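J.: Below are the features listed in Swiss-Prot for this protein:
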type	residues	note
BINDING	574, 583	[4Fe-4S] cluster binding site
BINDING	675	chlorophyll a' binding site
BINDING	683, 691	chlorophyll a binding site
BINDING	692	phylloquinone binding site
TRANSMEM	72-95	transmembrane segment
TRANSMEM	158-181	transmembrane segment
TRANSMEM	197-221	transmembrane segment
TRANSMEM	293-311	transmembrane segment
TRANSMEM	348-371	transmembrane segment
TRANSMEM	387-413	transmembrane segment
TRANSMEM	435-457	transmembrane segment
TRANSMEM	532-550	transmembrane segment
TRANSMEM	590-611	transmembrane segment
TRANSMEM	664-686	transmembrane segment
TRANSMEM	724-744	transmembrane segment
């Protein structure tokens, strides 16, 4: 940190342009108003595709970084408005169409439902009996558990929150309009990173966490303590009563009677009745102790509030990001981070690339924590919801990571300036890209042959009737000893590091089964040869995804094959006529291919999760012990390719295939429909543009003959457009197929 005399620093001011862009509905109503070419209207059918491709490509509308920044800023408010409207809809469904109050009174026997299908031509078959005399579609979003954790006890509260969501959405829409048309920030405001860090860290994350901690302490904890004790939700005081009447809370948490005295006398241990450090899960709800999570959010708030005061603005004290970056260089890294500050303050694509990669990775980490440390009451025993949120956060993470690579490549093509990046880290990575990519390629080949080879060996030995020669827990063992050591360490360590804690951080490390209502919430997850094998398939598929995406970024500007690639742009089909073998080489094509491998990687990850949990974790608990859904067949079945096909895909597809005539029949139809969407994608991916252009011209000839020729000339999709439509349907079809397969199965057996 440095302290500088104030006169050296340019003082930070909030500067805006008043009324920079007039609000014109006439202009907005004109399709393609953002582009001179598109505004002329369509000559061919390509126009509508270009309209969609370029509507949000602000770089193509203008070269003015200030205007681009304002458009991005304004679009963020639009995004927030959409999120608030969506949230409002979720809360409204909870208020209007759900059995939330019934579920709250008996969450172990009644299933969550927030959608009732109207009887038009027999669809009411979808309204299954979810218990408590309610017929509806069983939902797996986890909202009921979240509402219970936040202390919502009635449908009126859900209505109020839904209205609040709409009010917030309106505010966001207004803010998006206001900050583009009425008071638009100047470029220097967007580039003032220290203020931005201070405000986002202290305001958004610090005060945000503090507000949530406050809500948890004053509203959620007392209400949940009463709910856990079996008090009828209708008898529980309303949230504001806990706020205005301290005695009410003090009956549940005695330290409340002492007020703020322990805080100001530094006698903080007094508050340990509602800020706990228990570890493990609440045996009543199977969720984390809410007093632990309140403590966690309070601690996080303190950290972020401190972090939000670290950066130097008008007071001449604190860190400067530019100074930190430029001072940060090692003995072997040339100019180090010099030049990176300029990249990150002038290229939104560079910013977005880093944020997407980190946010995507975080989403996948969240997916793992949601089952290992289920944060909400009764979440862990709702297997459909557990499977859904794991799958959801995994897919979201994958798309974000691929998006990170996409925007890194766009940055390389559009925003990278070689003259400002001599011998810094980025330049050095680009200069030894051949070594990086060829080594990564070798790693992929090694992992691919060895991981797949282990399975092929097992399939062969199994077919030859030689189980003693297979890699398995009962023959040739390949135990994941490192993973087992980590598990054991995490199980034993709290004895030393947190001697007063009741349990380690997660029941997955070791210890006893946590059961709620006769179902397993969480228990130690034993790892063996089967996990070792599939883990290496994960390593293989992830490395291939990284290889494709990183190659796209590092070779976005040039390669030995096409030295002037940067002049061709981010997406192009081939390097012009007369240069065979230069197709599918653009940065865009690497993103396109990376998406398929992302899909491969994550399909295997969610399949692994689904089967492992059904086999080794989820199940019912009786006096005789735990009875798992698939009876622990993962260890012996998943060690062959045939086992995955027969005992996972085929065996567990029976529920979706036989769902007709039951409340799950929609999943059967979706399973078929999504397969169709997926197959439809192959039409775009396997055939070339010329095939379609030829067909179209024949069809146009027929129209001309009949004098019904269109005014807008029909044209085949461009090569890139065809691939984009193809990959979109491939992923949509694949994900929806998996969704139907998972949910029909887990709702039927879970």
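Just so you know, glycine gets a Cβ as well, placed from its N, Cα and C.
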J.: At a 10 A cut-off on CB-CB distances, which of the binding-site residues 691, 692 has the highest count?
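T.: Answer by Cβ density within 10 Å: 692.
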J.: Specify the count of other C-beta atoms within 10 Å of the C-beta of residue 583 ([4Fe-4S] cluster binding site).
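T.: Summing over all protein chains shown, residue 583 ([4Fe-4S] cluster binding site) has 13 other Cβ atoms within 10 Å.
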J.: Could you pull out which residues elsewhere in the chain have a CB under 8 Å from any CB of the transmembrane segment (72-95), counting only those six or more residues past its ends?
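T.: That would be 56, 58, 114-115, 141, 143-144, 147, 155-156, 158-159, 161-166, 168-170, 172-173, 175-177, 179-180, 185, 190, 348.
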J.: Which chain-mates of residue 683 (chlorophyll a binding site) that are at least 6 residues away have a CB under 8 A from its CB, listed by sequence?
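T.: When sequence neighbours closer than 6 are ignored, residue 683 (chlorophyll a binding site) has 726 within Cβ distance under 8 Å.
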J.: With Cβ-Cβ distance below 8 Å and at least 6 positions apart along the chain, what are the contacts of residue 675 (chlorophyll a' binding site)? List them in sequence order.
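T.: 733, 737 - these are the non-local Cβ neighbours of residue 675 (chlorophyll a' binding site), listed in sequence order.
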J.: Rounded to the nearest Å, what's the C-alpha distance separating residue 692 (phylloquinone binding site) and residue 574 ([4Fe-4S] cluster binding site)? Just drop the number here, would you?
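T.: Residue 692 (phylloquinone binding site) to residue 574 ([4Fe-4S] cluster binding site), Cα-Cα distance: 18 Å.
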J.: What are the non-local neighbours of residue 574 ([4Fe-4S] cluster binding site), defined as same-chain residues 6+ apart in sequence with CB under 8 A from its CB?
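T.: The answer is 582, 583, 585, 719.
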J.: Please indicate, using numbers and ranges, the residues of the same chain that are 6 or more beyond the transmembrane segment (348-371) and have a C-beta under 8 Å from a C-beta there.
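T.: Cβ under 8 Å, 6 or more out: 68-69, 72, 379-380, 386, 389-394, 396-408, 410-411, 414-415, 522, 609, 613.
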J.: Do any residues of this chain, six or more beyond the ends of the transmembrane segment (590-611), have a C-beta under 8 angstroms from a C-beta of it, and if so which?
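T.: Apart from its flanks, the transmembrane segment (590-611) reaches 371, 387, 390-391, 394-395, 398-399, 401-402, 405-406, 409, 534, 537-538, 541-542, 544-545, 548-549, 551-553, 584, 630, 634, 638, 644, 648, 652, 723-724, 727, 730-731, 734-735, 738, 742, 746.
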J.: Who are the long-range neighbours of the transmembrane segment (387-413) in its own chain, taking Cβ under 8 Å and residues 6 or more past its ends?
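T.: Residues 140-142, 343, 347, 349-350, 352-364, 366-368, 370-371, 545, 549-550, 552-553, 556-557, 566, 569-570, 587-588, 590-591, 594-595, 598-599, 601-602, 605-606, 609-610, 613, 735, 738-739, 742-743, 746, 750 contact the transmembrane segment (387-413) from elsewhere in the chain.
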J.: Would you mind listing the long-range same-chain contacts of the transmembrane segment (532-550), meaning Cβ under 8 Å and 6+ residues beyond its ends?
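T.: Distant Cβ neighbours of the transmembrane segment (532-550) are 401-402, 405, 436-437, 440-441, 443-444, 447-448, 450-452, 454-455, 471, 478-480, 483, 590-591, 593-594, 597-598, 600-601, 604-605, 608, 638-639.
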